Structure formats: C-alpha cells, structure tokens
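Quick look at what TrEMBL lists:
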type	residues	note
TRANSMEM	47-65	transmembrane segment
TRANSMEM	77-99	transmembrane segment
TRANSMEM	105-124	transmembrane segment
TRANSMEM	156-173	transmembrane segment
Amino acid sequence: MQRLKKPSLFWFNPWRLALWSSVLGLLLLPLLAMQFSSEVNWTGSDFVVAGVLLGGTALLIELGCRVGNNLAGRAGWALVVLTSLLLIWINLAVGIIGSEDNPANLLYLVVLAVTALGALWVRFRARGMSKVLYLSAALQLGVELVIQVADLGAAPVINTAFALLWLLAAGLLRNSDPERPGSEA
C-alpha cells in the first residue's frame with residue numbers, strides 16, 4: 001500500500017508570507033492614500049504596472065531563493081532583484097536624469113539588460129553572476145560619466161549608491177559559491 005505524502009507547507013513559510021504580504025501591502029498603500037488625499041491620484045494602469053513590477057519582483061526573489069544555496073546566496077539574489085526594481089521604479093516615477101520623460105534615462109536600461117542577459121549567460125551560477133554584477137557596477141558608473149561628459153546633468157550620489165548595491169550583491173554571491181576556496185557553503 002502506498003503511503004500518502006504530508007501536505008506541502010509551501011505557503012506557510014514565514015518568509016514567503018512576509019514577501020507576498022509586502023507586495024499586497026505596497027499595492028494597497030496608494031489605494032488607501034487616495035481615500036485621504038487628492039495628491040495621490042493613481043489610475044488603473046498605474047496599479048497594473050505596480051502590480052506587474054512588484055509581483056514580478058516577488059517571483060524573481062522566490063526563484064533566487066531556490067537558486068541560492070545558502071543565506072549569502074539568497075540575500076545576493078534578493079539584492080540583485082530589489083536593486084533592479086528600484087532602478088526601474090525611480091526611472092518610471094521621476095527619472096534619474098532630469099524628469100522621467102528624459103530619453104537619457106534609457107541609458108539605465110543598458111545596465112539592466114546587461115545584468116539580465118548576463119544572468120542567463122552564466123546560467124544563474126553564483127561565481128559567474130558575481131562577475132556580471134561587477135560589470136553592472138562599472139556600467140552604472142559609466143552612465144554617470146556619460147551624462148556628465150554630455151552635460152545632461154549629474155547624479156553622482158544615486159549612481160554611486162546603485163554601483164555599491166551591485167557590488168554588495170556581487171560580494172554576497174561570490175561568498176556563497178560552494179566551489180570558491182575557503183567558502184563556508
């Protein structure tokens with residue numbers, strides 16, 4: 001006679017519940033704010049875009065947690081995804097270079113595209129991804145250099161902050177690599 005498996009506790013993981021509850025809470029915040037202030041005026045399309053961005057972020061964090069083989073790896077992947085979300089969100093909301101309508105903000109898509117394509121190229125392996133993130137940090141600073149040389153404005157603080165986030169994620173992923181000499185994974 002075949003034994004029945006225990007029911008999966010997939011959704012009862014406290015981290016998973018916190019992640020998806022945060023997504024729901026962040027989506028409900030503007031809706032709540034619209035009830036009390038006319039300054040917050042989201043349309044249905046704003047909620048759809050926010051839902052896709054936040055839901056996609058949560059899904060990618062879940063995938064990163066499955067790929068990461070230890071806490072450093074999971075934290076590294078989560079930081080990669082959250083840094084990407086923040087870069088997209090700031091560009092959509094207000095823009096980093098001038099306003100959100102400034103075409104120079106499209107330079108940041110290069111950083112995101114290299115990061116995403118690099119992740120695919122290295123097959124989401126920690127060692128390879130850490131190298132991709134070093135490149136992402138360099139590109140982030142390269143965007144700052146381009147906008148200063150082209151006299152499009154300057155955003156050294158935010159670009160440096162993003163470069164540091166890419167470097168922190170790279171360090172976490174590099175330290176999570178089980179094949180790295182001296183790693184504790």
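Cβ atoms here come from the backbone N, Cα and C positions, even for glycine.
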Which bits of the chain, at least 6 residues beyond where the transmembrane segment (105-124) starts or stops, bring a Cβ under 8 A of a Cβ in it?
67, 80, 84, 87-88, 91, 95-98, 131-133, 135-136, 139-140, 143, 146-147, 162, 166
Using a Cβ cut-off under 8 Å, which residues of the same chain at least 6 positions beyond either end of the transmembrane segment (156-173) come close to it?
72-73, 75-77, 79-80, 83, 86-87, 90, 96, 111, 115, 126-127, 129-131, 133-134, 136-138, 140-141, 143-144, 148
